[in-house]
Amino acid sequence: MSSKAVVFAYHDIGCAGIEALLNTGYDIAAVFTHADDPKENNFYGSVAQLCARNGIPVHAPEDANHPLWIERIAKLNPDYLFSFYYRNLLSEPLLATARKGAFNLHGSLLPKYRGRAPANWVLVNGETETGVTLHRMVKRADAGAILAQQKVIIERSDTGLTLHAKLRDAASNLLRDALPQLAQGKLAETAQDESQATYFGRRTAADGKLEWKKPAEELFNLVRAVTQPYPGAFCAVGEHKLVVWQADVVKGNEGLAPGRVISVNPLRIACGEDSLVIKFGQRNDNGLYLAGPSLANELGLVDGSVLRGAESGRKPRRTRVLILGVNGFIGNHLSERLLRDDRYEVYGLDIGSDAIERLRSHPNFHYVEGDISIHTEWIEYHIKKCDVVLPLVAIATPIEYTRNPLRVFELDFEENLKLVRYCVKYNKRVIFPSTSEVYGMCQDQYFDEDTSNLVVGPVNKQRWIYSVSKQLLDRVIWAYGAKGLNFTLFRPFNWMGPRLDRLDSARIGSSRAITQLILNLVEGTPIRLFDGGEQKRCFTDIADGIEALARIIDNDNDACNGQIINIGNPENEASIRQLGEELLRQFEAHPLRGNFPPFAGFRDVESKAFYGTGYQDVAHRKPSIENAKRLLNWEPTVEMSETIGNTLDFFLREAMLEIADKK
C-alpha cells in the first residue's frame, strides 16, 4: 500500500518535491501552498497549477497552524508530512498529525545556512559549494536530524537564478533516491552538529545597497546574488538610482577613494580593495537595461565622478533610539551599552535621573525630565524624530498590582497604547517590553513565545492586572504588525544586577524580591519567605539581558521584525529560598559585612499577609530561549552566583552611603 502524504510546498522546489512524491508512488492527500504575492516577481513554477493538473486538493490558508486546519489534516491520517520551500514554520501539533514523521527539504547543507534565502546568502558570502538537505522537522526551524544531502558546486558565473535551478535539480535527484528508502524505513538519521550551525534571516531589497568601501569581491558576490529576477544591487548617483545587473572584479583601484569612477569605458568604480566593472545595469527601477558605457552616459558620469555612498569624510547618521523610562533598571543599563557604540544616539525621558547621572555628560545622550502622561507633545515629536522607540515605563512590582491595580492599568496599558499608536502614525520601529508574567500559570516545562498558553487567575485576583495589561498590548501590537508596524516584543525573565531598585523602594514593599531580601540583611530583620519560598524563577544577569536587547536593536538582517523573544537564563533556576540562602552566604563573606546587624533568620509568611487577598503566585517560570539563540545568536553566560554577588555589592554600598549620611 502506498504511503499517504500531506505536503506544504511553494516555488519551483515545491513543484519538484510534489513531482518526486508522485513519481515514487506516494499518495498525496492534500497540498498546502501560498497565494502568490502580486508585489513579487514570480519567476518560479506554480504549485497550485501543478496540483490542479494532477487533481490534487490544494489549499492556501493564511494560517495552516490554526486548530481547524490541524483537525482537518489529522482526519486525513497522513503517514508523512513534507515541506518543500513552504515559507511558514509548522507547529508541533501540526507535525504530530503525521504517523511516521514530518520532513523538510532545505536549500543548504545543514547545519550551515539555516533560515531564509540560503541560495542568496551563500552567494553573498562567496561560498563555493552548497546543496540540499532532507531532514526531520522539529520545533526549531531547520534543526532536526538529517536523512540525506546532496552537494551543489557553485561556479563563479552562478547567480541567484542559476543556483536556484541547480538546487531544484539536486532536490529532484535527492528525493528520487531518498523517498523510496524513507517509505521502506531504510534511511538513517544523523543529528545535526549544533556547534557548526549558522543562521541567516530573510533578505529585503534594501540589502542590495552597494557600499563602495568594501572589497570589490564582496560587491561582485552581492551583485550576482541579487541580480534578475531579484531587485538588484544598487547605489545612488545624484538624484537617480543605479541598479547593477552584472559586474566583474578588476585588480587594483588606481589609488582612488572608494566610490570614485576610474573610467567610463569600461565603467569601473574604485572599491575599498580592487575595483568593480559594471557590465550591465539601468537607471532607476524603470530604466532601460544598458551596457556599462551607455549607462555612464545616461547618468552623466565622467572619469573622477563620485558615486553617493562613497566615503566623503562624513560619518553616516547615528541611529536615534528613544528610551522612555531611561532612568529605570533596563533603561539606564541599555543607554550605557548603546553609548559604547558610536552608531547610536540616545534620547531619554523619565521623572528622575539618579541612575543616569554618569551618562549625562556623554555627547550622544540627550535627557529630559518628564512624565509620559504629561509631556505628550515632546514624546510625539521625538517618536517622529527617532528611528527606534523603547517604551520602558511601567509599574512592575507585585505589591502594586494588588494595592494600585487601576494605576497599573492606566500607566502600563493606556499610556503605553498612546506611544504604540504614535509609532504606527509615524511608521517607527517599536521594541516593546512584554513580560514573563504574561505566561501566568502556564504549565509548560519551558515557556515558549509561539506555542505556550497564557493562563491567568480569576478576576478577584488583582495581581494579574499587570499580566493582562501587558498581554493585551502584545496582542494590539501584533495586530498593528499585520498592518505594517515594525515591532519586536521582548520578555525579560527576572533580570537582576546593580541599580535594580532602591533600598527605599524595598522599605515600602515596592521592589523586586532580591532587593527586599537584601534590605532584610542590611537592617537585621528576618528574611520573609512567602509561602515557604518554594516558587522557582530563572534569574538573568542584567549584562546578559542588555546584550540580547542590544542585538534586537541592531536587528541584523531584519531577523527580529515581527518576533517575540524571551530573554532569560533557564540554567539559573532557583527557588526564592535558595536565592535567600545564596545571598546570606555571600553577605557573610562580604568585606562590608561588619557594618551591619546579625542575621535574623528566615521566617515563613503567608503571601496574603503581605500582598493581600488579591495575590496569587506561580510555582515556576522557565523560558525557552530558542528564539533568542536563533534570531540573535545569543545565549546567557553569567552564573547566578556572580549576578547575586554584583547585586548584593551594589546595595551594600548604597547602604553604606545611607549610614554615612546619618552620621
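Each Cβ is built from the backbone N, Cα and C atoms, and glycine gets one as well.
Arg116 is the only one of Arg116, Arg156 that Swiss-Prot places in the (6R)-10-formyltetrahydrofolate site (with Val138, Lys139, Arg140, Ala141, Asp142). Among the candidates Asp350, Asp354, Asp387, the residue that Swiss-Prot annotates alongside Asp371, Ile372 as binding NAD(+) is Asp350. Sequence-distant contacts (6 or more apart, same chain, Cβ under 8 Å) of Glu437 (active site, proton acceptor) comprise Tyr466, Ser467, Lys470.
Within 10 Å of the Cβ of Asp142 (site 'Raises pKa of active site His') there are 23 other Cβ atoms, across all protein chains. Summarised as a single figure, the pLDDT of the region 'Dehydrogenase ArnADH' (317-663) averages 93. Look at Arg621 (active site, proton donor): DSSP puts it in coil. Ranking the active-site residues His106, Arg621 by how many Cβ atoms sit within 10 Å of each one's Cβ puts His106 at the top. His106 (active site, proton donor) and Arg621 (active site, proton donor) are 34 Å apart (CA-CA, integer value). Here Asp142 (site 'Raises pKa of active site His') is positioned 7 angstrom away from His106 (active site, proton donor), judged by their C-alpha atoms.
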